[in-house]
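Here's what TrEMBL has on this protein:
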type	residues	note
TRANSMEM	30-49	transmembrane segment
DOMAIN	46-141	domain 'Cytochrome oxidase subunit II transmembrane region profile'
TRANSMEM	69-92	transmembrane segment
TRANSMEM	113-134	transmembrane segment
DOMAIN	144-323	domain 'Cytochrome oxidase subunit II copper A binding'
DOMAIN	335-766	domain 'Cytochrome oxidase subunit I profile'
TRANSMEM	374-400	transmembrane segment
TRANSMEM	412-440	transmembrane segment
TRANSMEM	482-498	transmembrane segment
TRANSMEM	510-532	transmembrane segment
TRANSMEM	538-563	transmembrane segment
TRANSMEM	575-597	transmembrane segment
TRANSMEM	609-635	transmembrane segment
TRANSMEM	647-673	transmembrane segment
TRANSMEM	693-716	transmembrane segment
Amino acid sequence: MVKIVEVVQSKNENSTGIATVKDNRLNSRLMIAFMMFVYLLMFFAFWKWGSVALDTPASEHGKDYDSLFTISLVIIFTVQFITQFLLHYFAYKYSGKRGVRALYFADSHKLEFIWTIIPVIVLAALILYGLSVWSDITNITDDDDPLVIELYAQQFSWTVRYAGDDNVLGDANVRFLKDFGGKNITGIDSSDPNGFDDRVVKSELHLPVNRKVIFKMRSQDVLHSAFMPHFRAQMNCVPGMVTQFSLKPTLTTSEKREQDWVIQKVDRVNKIRKELSEKGEDKEPWEFDYVLLCNKICGSSHYNMQMKIVVETEDEFNTWIKEQPVFREVMLSDVIMLLSLFVETGPASAGWTIYPPLSALPQAQPGSGLGMTLWLVSMAIFIASSLLGSLNYIVTVLNLRTKGMKMTRLPLTIWAFFVTAIIGVLSFPVLLSAALLLIMDRSFGTSFYLSDIFIQGEVLHNQGGSVVLFEHLFWFLGHPEVYIVLLPALGISSEVIATNARKPIFGYRAMIASILAIAFLSTIVWGHHMFISGMNPFLGSVFTFTTLLIAIPSAVKAFNYITTLWKGNLQMNPAMLFSIGLVSTFITGGLTGLILGDSALDINVHDTYFVVAHFHLVMGISALYGLFAGVYHWFPRMFGRLMNKRLGYVHFWLTALAAYGIFYPMHFMGMAGLPRRYYTNTAFPMFDDLQDINVLITIFVFLAAFANIIFLYNFIHSIFYGERTPQNPWKSNTLEWTAETKHIHGNWQGEIPSVHRWPYDYSKVDKEGKDILPNQDFVPQTVPIQKGEEEEALS
């Protein structure tokens, strides 16, 4: 930190906030170095951690799943390689030089058509193939004499119920859990004769190889998710309803243990466990087993919720199943004990998604009483204030524009904020209603989200409620919220890139159209968060189609940003670096969204670290990059001073390294099947060999923290000691830079200036090749259109 102070206090040309030719040259070379870092990280990750990803699937449909996943990865990394190369190469090739004028290239219908139709064709192929796989997985029939099994979830254990010789499960309800002295641990209805020969098992899940299995899934208390990563299978267990999933195991446990991949993994894990044992930790040697995990946060100990899966031959399975007690024997015996449903582990948490019943029942988690209710009340107030703010912004843009400021002359920053406000007005009321209904369920005895539930030894009688209803209401806002955060960042970067490329933003009208398209599509894609919720599979097909469609306007924006850099005269100040970084992470994170948006592929990566990686690259890092770009760009307007650019360079490059170093490896943890919200990788031995990835991520986290300490210091120091700024330090065209540096009420003396042109006339010349303004490569919006000059945005 002392060194940072010394750097700040050194006074020379390079300590100002304006980028010099030397700065441009240095940062352009660092762009190439960073591109190599991204490529090396990509290849290193596959070389180092490719072996930890799940290998040969153990189910029949898993082969189709893996084929679709592989094709998607090939497309993703091909597009990633090409776009990242163009982005960073253009940043290097066209860095700012003295005496060089950027090319005035505002649009090209042919180019915009090409990079719209290519994503359409690629996505159409992925959608058709993906929906075919999804249909095969979710089309559950009684063909091939399937084995019917119930997976019964409760905090924090699994119970398995096998149908008897008739292969028909008896009716069950949590209302019957207290029958027979509490020994009816899955709530079988004793009046239904089909349930008399059902067999209830709590130790292991046994499956016969090469026989179709239909799983019927129920939950006793809160929302759970049955996740079987080796079988590429996952489905939510929802209170009050029965969800289902089918698969056909193709490899017995013993056959799987003999595969080279498994042998190597067991050797790696046991080597780690041996080293830990030598250090004093009690670690027994591990032997590979299939596992059933809970992949939905169901309480503070949900990571303990696991069960071993044994796949065996038909004869072995028949021998084992005959040894299990049937329900009529359970009624007379005192063998099976009702396990404790809760573990006291400290303060409760329903997670940021606040799914009921975990959030709806105060007794679902210790301490989850008044605090959750107050949280919901505060959320309702926040939503109401957000609605008022959005309405204010919409009205301001529509009614209070200055003279001449047509909608086609608005900067893309304003377009982004304007459309964001519209999304908020349309989506926030839905979450408000969801929060209010949840408050009523908690405090007034209603059952909008509650069904019959057995919790803490008590049967709660509720009728008509559905957890899935809350999921629909929550995600109707939840996914538009991604763009409520991201679109303003994209709008800021549009302004920064055009200003510092010294050329018009490419495809202004296409950029507006893409913003509007993203806004519209964001309101009809929420169901991709619910592919495994138990909703109708046809809805999953519809949401796959609408979700992948959003890649088209996103691709248009990415290619337009890259084309804007082409033949520019790039000024590599910190704001420009963060805007280029936003495009990079927007591409990387957006491409991985193709997997999560595909209903078939989502099955095995839903709620894993793959989601964490994708989500944070798009909504987290990209949005933060836009925020940082906006701070560096408009800091002179806010405080009349410039931030120290050298500290800004250090801030960007350290942050860029840390962002990829943190979130890129997480994709491999997700592909290995590691659920999110596990506080440690070593909760299960099968994830022990992911620990080195976790250590690497932690190192980059500390690097990111250090980088942002530098930013905070730079920000606070520059407010008081930064170099005084001229009125328009970036030579920008937009209206705010025509105001005086000194802040006054209303920003301008007297009337607000009139606007005569669009905001991106950079490097524009007249018909004779002369500057519109002598010796200037920019034309502010307040400059009238010259005789014979055509306004680009309206042409």
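Yeah, the Cβs are placed from backbone N, Cα and C, and that goes for glycine too.
Heads up, TrEMBL stuff is auto-annotated, nobody curated it.
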Worksheet entry | Interface-richest range of 412-440, 482-498, 510-532, 609-635, 693-716 toward the transmembrane segment (575-597), CB pairs under 8 Å | 609-635
Worksheet item: What average pLDDT does the predicted model assign to the domain 'Cytochrome oxidase subunit I profile' (335-766)?
Response: 87
Worksheet entry | Touch test for the transmembrane segment (482-498) and the transmembrane segment (374-400), at least 3 Cβ pairs under 8 Å | no
Worksheet item: Of the listed stretches 69-92, 113-134, 412-440, 510-532, 538-563, which one has the most C-beta pairs under 8 A with the transmembrane segment (374-400)?
Response: 412-440
Practice prompt. Could you tell me what the rest of the chain brings near the transmembrane segment (412-440), counting residues at least six beyond its ends with Cβ under 8 Å?
Written response: 354, 356, 359-360, 373, 376-377, 379-380, 383-384, 386-387, 389-391, 393-394, 397, 446, 448-449, 470, 473-474, 476-478, 480-481, 483-484, 487-488, 490-492, 494-495, 505, 508, 511-512, 515-516, 519, 522-523, 734
Item to complete: With Cβ distances under 8 Å as the criterion, find the stretch in 30-49, 69-92, 113-134, 538-563, 647-673 that has the most pairs with the transmembrane segment (510-532).
Response: 538-563
Item to complete: Given the cut-off of 8 Å on Cβ pairs that are 6 or more apart in sequence, determine whether the transmembrane segment (647-673) and the transmembrane segment (30-49) share at least 3 such pairs.
Response: yes
Discussion item. From the DSSP assignment alone, can you count helix, strand and coil residues within the domain 'Cytochrome oxidase subunit II transmembrane region profile' (46-141)?
Written reply: 71 helix, 2 strand, 23 coil
